[in-house]
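A.B. asks: Submitted below is the structure of interest, expressed as structure tokens.
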Amino acid sequence: MTNIQGLDIHFYRVKPYIPPERKNIKVLPLLILHGWPGSIVEFQKIIPMLTTPRPDKDFVFEVIAPSLPGYGFSQAAVRPGLATPQIAVIFKNLMLRLGFKQFYAQGGDWGSAIVSHLSSLFPDNILGTHMNMCTGIMGTSNLIWRIIGSYIPSLVVESEHADKMYPLGHHMSRLLEESGYMHIQSSKPDTIGTAAGTSPVALAAYILEKFSTWTNPEYRFRPDGGLLEKYTLDELLDNVMIYWVTNSLTTSVRLYSEHFSKAHMGSRIDELPVSVPVACAVFPHELFYQPESLIKDKYHNLVQFNHLPRGGHFAAFEEPALLADDVFKFVATVEDLKKKNIAKNKQNTEKKIKEPTKI
């Protein structure tokens, strides 16, 4: 726990174990961020995978996993104005306090939005950004291309992934069906927070429904919601208990009203381009799919765009091995590019030194 800009921020800091025979391995800082209705519980399985050296990689991660402000054991804001860009500032300062001037970042759900802001606002601090919920610029152009794609899908999306976007009516219907929570949390966060946050049964029902349908939309038709297909009962209840013991449902859902406020939406900060290396891990049951062609409008240095074979919205919780592999692959690519650029710059410098000076 540490105090950043007046808020007590709770975080995990997990250092890797380096065996003596791998003492020269590089340790890279990695900030990983959760969203709603998740918590740091989502990362309990993936953190050991990220902090364990791999035989085919010359680096490993030191993981920093904070609770978002107003979530779990991190203090909530006492006045309006704390949206995702401001949280990005807090976490940049957290990493600086821990001694990391440059670091990699990974996020899903709200975590994706926050690491995207980190990348656009503080590119000098971000070595690379990995997201498992990539969204481009949600403007008129994006909508027009989606509509055009409903007639000629090949102009927008690869044929093997067209069913993730089209028929447009089917996917819009599903999005509307699944976004009811967002409307109430954006407009009446304290109402739902009080209603669901004062009863453990109501809280569990409200949160666990998301872990059913957002993991796989077909699970809604099962008597048990398919909850135990990807999670254990203890894992699910651990996440619910984070909200219960900290009484943080209300403060967590206020982030939705902050995001959709006039102040935030009017700033158009979500449209800022990102120039740092970016990777998108696309899981088949993610709520909202955007093809690579539309992602590139915002992420100008998209070095990796992978479709994973299984999984949904809670990637680190559902499929930690798949997500960890994708993160390692991305960082390996970025580190190799850095080495090549260093070697190229060195060659250019040596060439200039050898060239005779013209008088």
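Cβ atoms are placed via backbone N, Cα and C, with glycine included.
Feature list, courtesy of TrEMBL:
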type	residues	note
ACT_SITE	Asp109	active site, nucleophile
ACT_SITE	Tyr256	active site, proton donor
ACT_SITE	His313	active site, proton acceptor
DOMAIN	29-128	domain 'AB hydrolase-1'
A.B. asks: I'd like the per-state residue tally for the domain 'AB hydrolase-1' (29-128) from DSSP, helix first, then strand, then coil.
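C.D. replies: Split by secondary structure, the domain 'AB hydrolase-1' (29-128) comes out as 35 helix, 21 strand, 44 coil.
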A.B. asks: May I ask which residues of the same chain, at least 6 positions away in sequence, place their Cβ under 8 angstroms from the Cβ of the residue listed as 'active site, proton donor'?
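C.D. replies: Expected: Trp36, Met182, Gln185, Ser186, Pro189.
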A.B. asks: Can you tell me the three-state DSSP label for Tyr256 (active site, proton donor)?
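C.D. replies: Looking at the DSSP assignment, Tyr256 (active site, proton donor) belongs to a helix.
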